[in-house]
Amino acid sequence: MTRKAAIIGGGVIGGGWAARFLLNGWDVAIFDPDPEAKRKIGEVIDGARRSLPALYDRALPPEGSLSFHDGLDDAVAGANWVQESVPERLDLKHKVLAKLDQAAPVDAIIGSSTSGFKPSQLTAQGARAIVAHPFNPVYLLPLVELVGDRDQCAKADSILRDIGMRPLTLRKEIDAHIADRLLEAVWRECLWLVTDGIATTEEIDDAIRMGFGLRWAQMGIFETYRVAGGEAGMKHFMEQFGPALSWPWTKLMDVPEFTPELVDLIATQSDRQSGQMSIRQLERLRDDNLVGILRALRRNQAGAGKVIADHEAGFPPLPHSDQLIETVHRVVPSSWTDYNGHMNEAHYLEIGTQATDRMMEIVGAGPDYIARGKSYFTVENHISYLAEAKEGATLRVTTQVLAGEGKKMHLFHRIQNGETLVATMETMLLHVDLDSRRSCPPEGEVAEALAQLATRHTALPRPDQAGRHVGQRA
Ligand SMILES: NC(=O)C1=CN([C@@H]2O[C@H](COP(=O)(O)OP(=O)(O)OC[C@H]3O[C@@H](n4cnc5c(N)ncnc54)[C@H](O)[C@@H]3O)[C@@H](O)[C@H]2O)C=CC1
Ligand SMILES: C[N+](C)(C)CC(=O)CC(=O)[O-]
């Protein structure tokens, strides 16, 4: 089914929304009067293309189509989702939302990216809209705060989960929703620390990134403080640090005056800190680091990492084709490439291992079977590197069972980029009892499923590379 998102205002946030929808298979139509919009959005989408697929072990759906429009009416025609991301001015939001209300299909969700306005303010002149407040970069960070009409928010929740996001619906509307209230409090305190000459912008950033910032990504604040209470837990933590809340640790109630001197001071310090890098270079660095953090969180099914794992679990099953089984379909992330500008040899093993894991699931030796105490161990791998694979290439692995009798599972993985065979990996596995750590025959159902596949696959031509040793010519 084709789904279309209309993005009204394609700056930092609108560009991020466009990338999030597009890379999840939606058609995206953009209206932004800025003559530079196409170039700027193109750069944001390029950044998303090199980072978002790296979060997944499976390929995202094929990209939708991207179009730019001279008028708002044209952009929203036939849209299922309309996202307003114009500058944060209430008069402008009212003007744009009134037009959207008229032009958008009646069943389209109209979301506003507003960081601070409440839905009652946005809809005060009669236009329909909910708040759908995302976080920068929208294509990588899952959180979206939803505020407004319950039914619309529920519908929005389901759509946003489908594009890999984590909607958080607010119980009540409030200025600046939840997250920006927290950010504002920290931001205000940071400005005081600079104004009062206590710390520079860089020292404050170090105070965050070398310490509590690392904890917040995985545990938030309450869980972090629970752990900080030691064995006595949260209650002890509250008793110990509660009194400090009324000591003069913060100046949160006051805002430092934004004098030209303060603005200059902060801008100069910030230039000294990061001015040697362009914004695009900083974005690239930020995205690479976010991918690394999110991948680590995903391994432990923690926080935003679980959102990604859950999203991927909903992808449609891989098709069986060529009589062989498609075991992997994924994009080469930039983090897999090396100093030679192509996929590093170690990741051929990684992709082959993913194919083996998938084959174990297919024969019934997946996570449940392993939890019962049986599994397969790899005893030998042979990889033949046949062609280069570059960042962004979509690789497809098909697996042939060469033998599957007794304790042995003998597999042959073909790793292809389109029609090009980029590598093969031959793998021998032995079935083991995880208690005794000794090999043993698989349980009946696994043995049978494997034997059936082996019978089907040994009727197919045996791969040329099977049984190769190092140094043998192709
Ligand atoms: N920048 C951030 O970190 C975040 C911003 N937001 C919210 O997103 C919204 C947009 O902010 P940014 O993307 O940062 O601003 P921006 O200044 O980067 O982009 C705004 C875009 O809107 C376009 N525009 C202006 N008038 C328009 C109109 N009448 N119709 C269509 N397009 C129009 C401009 O040409 C510009 O490209 C604001 O409501 C902001 O509060 C939300 C989350 C984070
Ligand atoms: C600064 N800001 C208020 C626009 C920030 C946000 O709204 C969310 C974010 O991405 O930090």
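Heads up, residue numbers simply count up from 1 along the chain you see.
Each Cβ is built from the backbone N, Cα and C atoms, and glycine gets one as well.
Quick look at what TrEMBL lists:
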- G9, G10, G11, V12, I13, G14: NAD(+) binding site (BINDING)
- 4-166: domain '3-hydroxyacyl-CoA dehydrogenase NAD binding' (DOMAIN)
- 178-244: domain '3-hydroxyacyl-CoA dehydrogenase C-terminal' (DOMAIN)
**Report entry** Residue, out of the binding-site residues G11, G14, whose Cβ gathers the largest set of other Cβ atoms within 10 Å
**Finding:** G14
Requested in this report: Please work out the mean pLDDT for the residues of the domain '3-hydroxyacyl-CoA dehydrogenase NAD binding' (4-166).
Outcome: 97
Query raised in the report: Over all shown protein chains, what is the count of other CB atoms within 10 A of the CB belonging to I13 (NAD(+) binding site)?
Result: 24
Report summary line: Long-range Cβ list for V12 (NAD(+) binding site), cut-off under 8 Å, min separation 6+ in sequence, same chain only, gives V44, N136
Requested in this report: Would you list the other residues of this chain near NAD(+) - those whose C-beta lies within 8 angstroms of the C-beta centroid of G9, G10, G11, V12, I13, G14 - in sequence order?
Outcome: I7, G15, G16, W17, D32, S85, V86, S113
Query raised in the report: Once the chains shown are all counted, how many other Cβ atoms turn up within 10 Å of the Cβ of G10 (NAD(+) binding site)?
Result: 27
Report task. Tell me the Cβ contacts of G9 (NAD(+) binding site) under 8 Å, same chain only and six or more apart in sequence, or just say none. Result -> F31, D32, E84, S85, V86, P87, V96, S113
Query raised in the report: By DSSP, what is the split of the domain '3-hydroxyacyl-CoA dehydrogenase C-terminal' (178-244) into helix, strand and coil residues?
Result: 58 helix, 0 strand, 9 coil
